[in-house]
Structure formats: structure tokens, C-alpha cells
Amino acid sequence: MESKILKPILAVYVGLFILFLYGPFIVLSILSFQQGPEGGPQFPIIEWSTYWYQHLFGLTPPSRIAPLPVGEALVRSLTLAFMTMVTATVLGVMAAQAFRKRFRGAGVVFYLIVLGMMVPGVLTGLGTSLLANNVVGIERHWWSTAFLAHVVYTFPFAFLVMLAILNRFDGSVEEASWSLGVSPITTFRKVTFPLIFPGVLSAMLFAFTLSFDEFPRTLFASGRDQTLPLAIYGTFSVEIHPNIFAFGVMTTLFSFALLAVYGILMGLSVRRAKKMAMQEDIA
Amino acid sequence: MTQSDPIFRLEGVTRRYGNLTALDGIDFGAEDNSYIALLGPSGSGKTSLLRVIAGFEAPDTGRIWFQGRDITDLPAHERGIGFVFQNFALFPHLTIFENVAFGLRNGATKVPDAEITDRVRASIDMVGLAGLEDRNPDQISGGQKQRVALARSLVMQPKLVLLDEPLGALDANLRERMQTELRTIRERLDVTFLHVTGSETEALAMGDRVAVLDAGRIVQYDTPDAIYDRPIISDVALFLNRFNLFEGTLKDGSFHGAFGAAPVSSVRANDSDVYAIRYDRTRIFDTDASDLPGPALPVRYLASEYLGSSIIFLFETADHKTVEVDHHLSLGEPRDLSVGQNYILSWDPAQAIVFGKEAAQ
Amino acid sequence: MSAAIGKRQKATTFQLLAPGVVWMILFLVAPIMMIVYVSFWTQTTFAINSTLTLDSWRNFFASEAYVGALWTTIRLWLIVLTLTFLIGYPAALYVGLLVKSKTVATVLLVLCVIPFWTSFLIRVLAWRPMLGKEGAINIILQKVGLIDTPIEVLLFSELSVIIGMTQIYVVFMVGPIAFMLGRIDRNIIEAARDLGAGFGRIFWKIIFPLSLPGVVVGAIFVSVMVLGEFATSGALSGRKVNLLGNIIVTQVGSLKWAMASVVGVILTILLGIVVAGFLRIVDLKREI
């Protein structure tokens, strides 16, 4: 059988494919342990050291290489990602909730929302800054115009996640609640929301990571004060030192920490989800 | 059972889904403090009817009255009508106690904690679940879930509880036990149960009165006995699953069918001529029998089914129609029949029910 | 429907949708309209005014550099799209169809997604020590003895941009295809095999057609992202490769809003044609 030969070949291929995905980052991680401050961003490794990590936190004696201007940028990015996460998730949950009932114009509204993730960042960024700069005449800031553009980008993701969750949600528990004299709003708070919480968490994770890493929209729509991706981009044009590699490793670790928090929260609410699934099985 | 003013009343209620008419101008009222079974085949609109009364769906036309008030425009949570779902719809994230306490805690009127505890305990006691208060819904059986769903509804002291095929998800043994229990629980409270079911046995066994729904209309509303003995149209007889029905022609006071001609004493209006004789009124004779009580239907014996208190014999007519005979064991030992043999079925024509296009007799 | 309840339902739907819809109209639709509008404004050296003119449009098509950027964008997009498809499809075939165990398939998919938790720019940057003159690839090739002198064209060239983009976007091709392949009923393949069809025939007659919607979705993802790119080309080509996105960035940087808008409109039109074209191949609504 041909697939008997094909399968092992493809297995090896997939191994190479994954190496292709991870290779650059592995090389970057190795080079982040280059000796400093003389060691450059290339092979060979002169001597293994954690110099560039110390450099990142300002623990090394001053040298000709300036520390990365990331401290404030990091705080800004975290704040912006948090604001975006809350807004996008609230909008996403609301819109997805509305889509549980059929209504006229549902198709148009759906595409309008999804458009936000399909339009390239350059265009949203350019348009937003045009509007702010030449029509409304306001200054651009990471917390104003960039925030608006970030929500445009992340709201569709939150919306789609919630839509998938609510599609599988059995509405009879809500009706049961109404029939007990509980108003729709209290029902949403006490029944629907606790049960869709795992989905909400996923939507939040999506919105946060996308916003935290967002670059093209922010480049246009934020003003003088840089967010983290902008700060990194700024270092591209000047000479590169392994400190930026060390920084890359750190941000990746941070992402994984975030993922772990998500995992823990998810684990806590998964018991609940299981119960729900079991009840659905009986039905 | 006390007969009184209707607890709720439907006036010309119609509900359409696109081209499909689920409820077709329903007029219906139910007595206070009674057990009403709503019987209908699947697709007859029975669940729609329940959802419209509960306020989960709005009727396209018509009004709904409850306790003398027009509630058509009232949202579900302001109606005070209980609802028990086929899939129980317990809140999976709350304990049994909190499930039952849910309406009291989150309703429009504030109920003191002590009163909540008392009422919830009483309610859980009533359905026989004392001791399970701290369990989660996934830690109890299907029958127990159904009781929780009931307790959760009853603790709000509604005047009307709608039960949507409440026994549908339970196995046969449990179903029978729950039937009696539902009736006992209701009799202890001043409440009307409207119990929707697709099972004629369940409806006839449980309801003080039975409403038969067919194609979005209530075709008969009467006591179980009356419905059993006097189905108003041939469709009801068919749906009761207790009658052998024969097509034929009604002419000059006699019905001509596969069994020859039978004299007819009274005729019910129907949209076709149908002759109905109950399974347990049909009797078996040898082909050479001469003491037939009425018409003679030649049949071939197929099989039998033992039901505990009776035996069902299945026969086939010359035109391959299956005919059933229900022999109750209290009437004596059943006959010994051999498969493939020919027999004659007969009955007392006075016990037959005849439906005719020309009802005038 | 009872008028009161119907009205209440409509009101709820409206209230739930209004904030999101208003947000998208104000901050997505209006800005894009704005790009079209401003592309006809009059640009002076440091200022812009709303007198309508076709000057910027004329300048765009008169400039070899700008029109060149349009062709570069289209060329790079076609190359990257082809590469992501060619490299991604076999991987998707393995993950989505050939792996029997669901767990292994999930693990492989998660492995593909994990790199996305590294910042996009860091992932772009990681190609520099990989491709450079003294980069990992050159060192390995020299050690193995395949080459004597390092290949310089690896970095700061169109090639490096293509490699970088392919690596970053290939997963968007793998995901949808693997998803569609995973939905294929294995019994169909078994039945075909019982009838004596070889793998090649089964692939072209059954597997590939059924995976086509996934290919289209993947192609749309990749296209939208590649056509709007500017960071990868900026970081890996040493400004040698200019895409439409790069032009927009430079023009905005020098406050040439009108020209930036012209390029923006051209990019929008290009995207519209590409996406509409893909949607003609497969009716997604019917497939999914």
C-alpha cells in the first residue's frame, strides 16, 4: 500500500516542518547567552553567560550599549492589552448573545464584525490616524486611538469564540430560571455567565495576547509614547545586540506564564463545564 | 377533584413557524386544582402550546388568560407559571439545595434566608430527596433529577405547573413509579399540573382529564374513561392505540368492510368512514365456529405478546392489515393458537364505534 | 407574534448589538472611507487640504518606485502563498488525516501554535542570526562541506523576506486544511480502497476536493496577512524590498497622507479582488 510508505515519509517531514517553525527561535535563544558586552548577535558563542539578561534589568556596569527602552513600554502594553481585553470581551459576549435570536440583518452585522479581523493592520492603522489627525484633529495616543483600533481588531475574535460557545449552550436552563420568576438580567448573571465562563476566559486570552503583540495598527495609531512592540521595532533599524534576543526569550516566557494562568483558571472552571456536558448527554 | 373556574384559558391561540402552523386557533380552558394530561403525537404542537403558555414563545394571534388576568404580553418571569423540562434543565453549577432555592433567592421579591431554608427543606422532603441537598446535579440519578426539577418549581408555590414530557428521559420502571408520585404530590398541593406526553398510556393513567391535540388543534377534552370509550374522531381512536380500525363504507345503517356488513346503531361525525372495535372487545373463534356474536373477520395468526396482566394476539387479514386482540388474564386462560393457522375474529356490534361522513342517523 | 413581546425582543437584540456595531462603523468603516476620501486631497509639502484632486493618483502611477512596489507585493504574495501551500499541505495531510490517534494530532497542532506566543517581531528578528553571513545556516552548510564561502544572499534580500513570511504564515494554511481533512469520513477512503483505488487516485478524487474549502480559508488568511505586510520586509530585507505596506509607512512618516491613502486604496482593491476570487472557488457558507 502506497500510504504505508507515505506515512513514515510524512512523519519525518512533519518533524522537519516543526523544526522549521522552531529553528529560528532556538538559535535566538542560544545566542541570548552570548558573552557580553563585546559578543555580537552571531555565532560562534565566545563564552556562555547571562550577561544580556542582567543587562536587560540594568544589573550590568554601564557600557556603550544602551539598555533597551522597554520598562515604560511594557507597562503601557500591559495596560493597553488589559483595557482592550475587557472592552473586546464585553462587546463580544453582548454581540454573540444577540446572535442567539434570529434577526433581520444578521448577515450584514456578522460580516461587519468579522471585517475587523480581516482588514490588514496597515489599513485600519492608516485610516484611524487619518481620521484622528485630519478630521477630528486630536492627538494620537496609545490609550485613545490605538485602543480604539485594538478593539476593532480583537472584538471579532472574542465574538467568534463566544458565538461558538453559545451555539452549544442549551438554553433550557435559562428558561427554567425565567419560569422560577427570575428576570432575564439576573438569569444571565446567575446562570448563563457562570456556565459560559470558560468561553469568556478564552475570549479574554485571545484579546489580551493579540493586543499585547499588536504592531501595525499601533505603529500608526499611537502617538509618541511607544508600546512594547514599537520599542522592539525601534531597535531593528539600529545595530542589534544580543540583549534584544534575551528580551525575546523573556517575553516568550511571560506569554507562557500567562498561558499557565489561563490553564489554571480553565482547570478550575472545567469541572463546571463537565457537569454541563453530562447534563446535556442525558438530554 | 373540584371543578371550578378555569385556572387558565387560551383564546384562539395560533403559532406559526414559517409555513408550519404549530398551533391552529386553540381555545382551551383548564380547571383549577386538577391534573390535566395533554396528549398528542410528535409534531402535534404540544410542546409549542406549553412554551406559549409559559411565555417562552409568543403566540402570533390569540390571548392567554391566567387566574383571570390577560398574560399574553407578560414575559415568562412575571407569569408565575412553573415549568418542568424533559431534560430537567437543572443548574449544573449549583447544589441540589441551591437549585431548589434559586427562584426564592433571585426572584423579584426578597425572601428572608430562614424562610428560604425552611421552604427548600420542605420541598426537598416532599419529593423524597432529604439528605441529598449538598450533592451536585451530576451526582444523582435521572429520577432524582426529575424530582429536583419538580421541587425547584413547586417551592415557588405556583398555581400552574407545565410538565413537558417529564417522564420521557426515564426508563420504564422509574416512569411508572414517578407517575403515581406525581399524582400524589399534586393532590397534596393546591396546584394544576398540565402534563404533556406522547404516550397514551401515560395520559390515560395520569390525567383527571385528558386533552388530545392533533395538528395544532385540541380535538377532544374529556375524562380518560370518556376518551377511551368514546373517541370523538377516528384519529383519536387511532392514536389511543387500543382500537382495530377498519375502512369501509357506511350505508343504510350498516357498515361494509373486510368483515362483511355490520349493523350500526349510532355514528360519529368524521371525515371518512371508519369502523373501530377495541382490542379487548375483539374475540377469537375457530374457522368453523357457528356462535359468532357479530361480524366475521377471517384472519391468520401471527404472534403473541405477554404483557403481565394480559396477552396481545396479533393477526393478519387477507389484505395484510394487522389486527390485535387483547385478552385480559382475569377473564381466564388464553386460547392456545398455532402460528399460521386461520381463525375468525368477531365482536358484539353494539360495542363498536362507527365514524361516518354522514353522521345524521 | 404578540406585539409587546416581539418589541421587547427586538429592543434587547438592538441594545446588545448597538455598542459593537457603532464601534465598528465609527472606528473601522469610517476610517476606511476616510482613506478613500483623503486619497483625493491636495498634498503640499508639509500640509494637506481637502481640495479634491487626482494629483496623488497621477503621481502614484507615474512613479516607477510605487508601481514597482505594487508588482513586488503581488509577486511576493504569489510566491509566499504557493510556498505556504506546498510546505503546509503535506504537514496538514499528516496531522489531519494520517495520524490515527486524536491525542497525537492535537499535540502536533498545539506544537504548531505555540510559536505564536512569541512576539511577532521577535519571530521575524529570529531569522537574522539564522540567515546572516555568520548565521546558523551558513555555519552548518560550511561544516557539512557543502559550501566554501558563506552565502550572502540569504539575509537582507527578497529571499530572506520570503523565507521569513513563509515560516510565520504557514501555520495559517496548515490549520484550516487539517481541520477539513479531519472531518473526512474515513469510511469513504476505506470504501475506495476496497474498490481497488490506489492512494494517488484516492487523493486526487476524494481527499483533495474535500480539503479544498480548508485550502481556500488558509489562502485567504495568508493573502490578507502577506498583502498587508511591511514589518517582515522592513526587518529582513534591509529596505531593499518595498511592499505597498512599506510605502504607506514611509509616506505617513513624512506626513504625505494623500499618497499613503492612494496606496491604501490600491491595497484595499487588491485585497478585495483576491478574497472575492478565492470565495468564487468554494462556496464557504455551504461547506462550513
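In case you wondered, yes, glycine gets a Cβ from its N, Cα and C as well.
Here is what TrEMBL records for this protein:
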type	residues	note
TRANSMEM	A:12-33	transmembrane segment
TRANSMEM	A:73-96	transmembrane segment
DOMAIN	A:74-262	domain 'ABC transmembrane type-1'
TRANSMEM	A:108-130	transmembrane segment
TRANSMEM	A:142-166	transmembrane segment
TRANSMEM	A:191-212	transmembrane segment
TRANSMEM	A:244-268	transmembrane segment
Intrachain residues whose Cβ lies under 8 Å of the transmembrane segment (A:12-33), provided they are six or more past its termini: 41-43, 45, 48-50, 52-53, 242, 245-246, 248-249, 252
The transmembrane segment (A:244-268) touching the transmembrane segment (A:73-96) per 3+ Cβ pairs under 8 Å rule: no
Long-range environment of the transmembrane segment (A:142-166) - Cβ separation under 8 angstroms, sequence gap at least 6: 76, 79-80, 83-85, 87-89, 91-93, 95-97, 99-100, 113-117, 121, 124-125, 128-129, 132, 196, 198-200, 202-204, 206-207, 210-211, 214, 217-218, 220-223, 225-227
Same-chain residues near the transmembrane segment (A:108-130), Cβ under 8 Å, at least 6 residues beyond its ends: 95, 99, 140, 145, 148-149, 152-153, 155-157, 159-160, 214-221
